[in-house]
Amino acid sequence: MLTRLKTKSERKLAKQICKVVLDHFEKQYSKELGDAWNTIRDILITPSCWQYAVLLNRFNYSFELERDLRLKGYHTLFQGSLPYYPKSMKCYLSKTPDRMPSERHQIGNLKKYYLLNAASLLPVLALELRDGEKVLDLCAAPGGKSIALLQCAYPGYLHCNEHDSLRLRWLRQTLESFIPQPLVNVIKVSELDGREMGDAQPEMFDKVLVDAPCSNDRNWLFSSDSQKAAWRISQRSNLPLLQIELLRSAIKALRPGGLLVYSTCTLSKAENQDVISEILNSYSNIMPVDIKEMARTCSQDFTFAPTGQECGLLVIPDKGKAWGPMYVAKLKKSWTT
């Protein structure tokens with residue numbers, strides 16, 4: 001009986017998968033990722049095995065919540081020793097696909113935790129944020145990475161930019177839900193086209209995060225409108241150009257000596273390694289920063305696919321480590337041009 005019910009629910013789930021997108025991914029990713037694609041695909045099309053990390057909000061810390069997570073068998077992320085891992089950041093993972101309920105947005109009340117894909121903390125940690133630095137989150141909505149940055153350090157200035165007006169509202173609400181008023185005063189939220197930021201604020205920032213618009217593999221697979229999904233797939237080849245333009249703008253906004261981190265939530269080589277190769281080939285003052293050590297330290301929590309780059313990591317969903325996709329690349333702007 002239980003098996004029959006399970007099969008029925010799996011059939012119901014399978015109906016929700018967008019065949020247009022899955023077929024497209026099958027062709028592309030079986031070539032790019034080889035045998036690993038079979039496991040990745042099985043996890044991506046089965047939301048019941050997805051995992052959710054719990055990022056505690058240091059501005060409304062709950063000892064009881066942390067104790068309860070430990071009692072439920074959750075463990076802290078990065079139990080190894082990352083070169084940069086601030087004590088103020090506390091993120092808990094479950095080995096099972098357990099999901100905490102989301103907290104409701106209440107004006108005047110800060111939330112105690114944020115649910116996220118644990119791999120999305122890698123770009124944040126790669127930035128190595130220090131107190132007092134000027135930081136740009138170029139494509140900031142829905143705000144999870146901005147929230148995570150503020151768990152790491154107190155920036156002197158944090159500029160959160162989001163071009164899409166609907167997503168901008170979401171970003172504002174996220175910040176309001178997690179950040180106390182005094183800190184809100186050092187945060188600027190803008191709605192600029194990210195490609196214009198470099199000209200608007202040249203060499204203004206110590207650190208820049210470009211969490212770029214991309215083929216969001218998890219979401220695209222569950223597109224309810226197959227016509228819209230087909231249009232998305234047809235437009236997919238335009239994304240690398242946008243991503244490169246955003247990176248060019250970010251480089252202009254970055255001061256010499258500053259760090260830039262690029263991230264996406266897609267497996268696509270064209271939007272990941274190829275974009276970064278294009279940038280490295282066209283700038284003499286942009287240097288790759290080796291982040292292989294991060295992969296070594298995180299291997300107990302994440303599975304990585306080879307990228308062929310010392311400065312780039314690709315987290316792929318795996319059994320019991322259903323995190324990602326998440327591509328992270330780290331670059332530095334040198335003093336010489």
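Cβ from N, Cα, C; glycine included.
Annotation source TrEMBL lists domain 'SAM-dependent MTase RsmB/NOP-type' at 44-334.
Among the features that TrEMBL reports, S-adenosyl-L-methionine binding site is placed at Cys139, Ala140, Ala141, Pro142, Gly143, Gly144, Lys145, Glu162, Asp193, Asp211.
Annotated active site, nucleophile per TrEMBL: Cys265, in sequence order. Residues near Cys265 (active site, nucleophile) in space but far in sequence (CB under 8 A, at least 6 apart, same chain), listed by position: Asn117, Ser120, Cys214, Asn216, Asp217, Arg218, Gly324, Pro325, Met326, Tyr327.
Mean pLDDT for the domain 'SAM-dependent MTase RsmB/NOP-type' (44-334) in the predicted structure: 94. For Gly143 (S-adenosyl-L-methionine binding site), the Cβ neighbour count at a 10 Å cut-off comes to 25, with all displayed protein chains included.
Shown in sequence order, Glu162, Asp164, Arg167, Leu168, Trp170, Leu171, Thr174 are the residues of the chain, 6+ apart in sequence, with a C-beta less than 8 angstroms from the C-beta of Ala141 (S-adenosyl-L-methionine binding site).
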